[in-house]
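Reading through the structure tokens given below for one structure.
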């Protein structure tokens, strides 16, 4: 329960951070005009969707018509690549002396906000030149020549603008997906679609379904003519390939009324196809992101452009999605150009200051909202993550680039024709009517191998991409295959399956079926309200099997048997225990013997140098007792390895408890001895008596007697015994020692921890006493490590099973024994063996004399 609460809280962090960041964002960030202008002799109109006002519930404004109360400004900086492609193409053309010499191209940008009124208003402002009068009141508009309009990405925006431009036969180039309505030459005679008509998208998606054996899929479509047409294509191709449609969802215009109804039955399938254009699908993608539907495989014809939730892409709903995009040859290099773009180079751009303010900590002037030059030194668009601004060229950007060149080549041809008819004087600006350009645009596909007006009908090649997630929300779009409608049957689809990352729920290729047979090892689960053929197959429970197809119930294996991984046979279990032959048992036994040998070596060192100051200074009798006890502690771990029997089960816990009790009591006695020794200099008969009578040495038998009493009660009431665990390890019957009484075991362990705390407390209190060989610090460290080891041992011990549980107890015994040996005796052995000059009375006198001199100076 706590885990899910923590996850829920963690998922809210980006919202908190977002709210915090919003407070620090300048108000100038939200002052967003709808247009800006790039000067030139001949001007192209650019109508792109870069920012919009998102209205989730569309609550009408009380006083302002066609406005909503719940408007939220949203930037789609991924679409800013459209403007970059436009600027790059224009700068290349203006710098090319062989194309439109003595004529400069410019553009007027207008943002599209997806409402017909605002779209038509922007188009009207541009075509009448009112936008430039508003920006440059003293500018002579007669020197500027309007040539053509670039519109997209949705067909609705192109159609709305085309209705107005058609009145003047004004050239219009649409860079969005091909739409049959826009190809109506009677209604849009001067509208040219830069993308050809592709006919094999549904065929490619269905081929993907067949490849992965997904026979039960859902479809989400827009509520327009394109949705109806693609649905009929899907039905036709799916019927041929035996793929069924689980449901068809129509994207509503407003989510307020249809929100709950739309998500009904969405769990019927794991694979859902989404077909739409970028603009009309914004609402559905935002809702999918908010609902965190991370257990679906989305197959789409466009990349999701919703960046509200991309900062925790690890939980992004679209991770693992498969995207079909038209294969195109990149016409230009965008990365180098992006590195040179900044708001000071292009001051007319309304989006660059916002990007610099939001991501590079630039400030706005409080007076005129101009960007100040206080940004990060390495500010550049190419350092932004791909979910904000992608360096890879999109199909739309490539189409815009080609469209600008199409207009430039048409203007160039028209200029050559005008020069032949009537030569122009130097410095004279070319004048023409925009409708005259239509003649040259209609022939450009023949001349420059471009496709305008949708006259070409192609079986397209598609690139198939997989959305990956990376740390910190940085997403990658990785090409994992392709589809070619012109290839022979059976060779159209090409995939690299090892590169595919699926949604978080799936560790392998997801299944999306309705009536697949339940193989042996599975049983049927009938779905309520569904047809009888639509059932789920669920694996048999643990230790259950089914050896026939489509069974209703599984059979349980006996306790002495286990089900094989396929769960279609029962096999006899083998007896298992932590043996010396096992790698884990061999390692633990080797560590125990090596540490025991090391302890014996330390004992030998202390016996040999027993008359030296460092050995005598800390009560060598207690040191010998502690070293011998540590040896027993290390060797008692061997009782836990090997096949258990009744005797070893009893000796395991009793020897363990008593040996460590003696060791900890000895440490406690040493710590108390240090404290009493220094207090003996203070007049007091009781302290002197404790020192002379060696009272601390009685701590060891008293503490040991208490532990013996606890162990005796344990052995008398509920002693350990041999037990068998049939479920700890699959396919094995684990032999182990049952503690008998869990309470008694924890009492023994708790008593040891209390001794460790007592020893730590006494050692800590005497850590600063002025003695040359004061070992209190080492005693306190050893007790602290001992306490930490066994406090950590308890939760790990109770969360493991089988051999690992036994090995965990052995490891804790070895670790705590090694802590006692290392922290207490390693420093002493270092001085005895490697620094013998410090182990002398002469050194002690010099050190004491030096300490006294320091005290006198102070």
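Heads up, the Cβ atoms here are built off N, Cα and C, so glycines get one too.
Record features (TrEMBL):
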- 584-848: domain 'G-protein coupled receptors family 3 profile' (DOMAIN)
- 1-19: signal peptide (SIGNAL)
- 584-609: transmembrane segment (TRANSMEM)
- 621-642: transmembrane segment (TRANSMEM)
- 654-678: transmembrane segment (TRANSMEM)
- 698-716: transmembrane segment (TRANSMEM)
- 743-766: transmembrane segment (TRANSMEM)
- 778-798: transmembrane segment (TRANSMEM)
- 810-834: transmembrane segment (TRANSMEM)
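Against the transmembrane segment (743-766), stretch 654-678 shows more Cβ pairs under 8 Å than any other of 584-609, 654-678, 698-716, 810-834. By the Cβ criterion (distance under 8 Å, sequence gap of 6 or more), the transmembrane segment (698-716) is counted as touching the transmembrane segment (654-678), at least 3 such pairs being found. The average pLDDT computed for the domain 'G-protein coupled receptors family 3 profile' (584-848) is 80. Counted over residue pairs separated by six or more positions, the transmembrane segment (621-642) shares at least 3 Cβ pairs under 8 angstroms with the transmembrane segment (810-834), which defines the two as touching. For the transmembrane segment (584-609), the list of distant contacts is 578, 615, 620, 623-624, 627-628, 630-631, 634-635, 637-638, 641-642, 803, 807, 810-811, 814, 817-818, 821, 825, 828-829, 832-833, 839: same-chain residues at least six beyond its ends, Cβ to Cβ under 8 Å.
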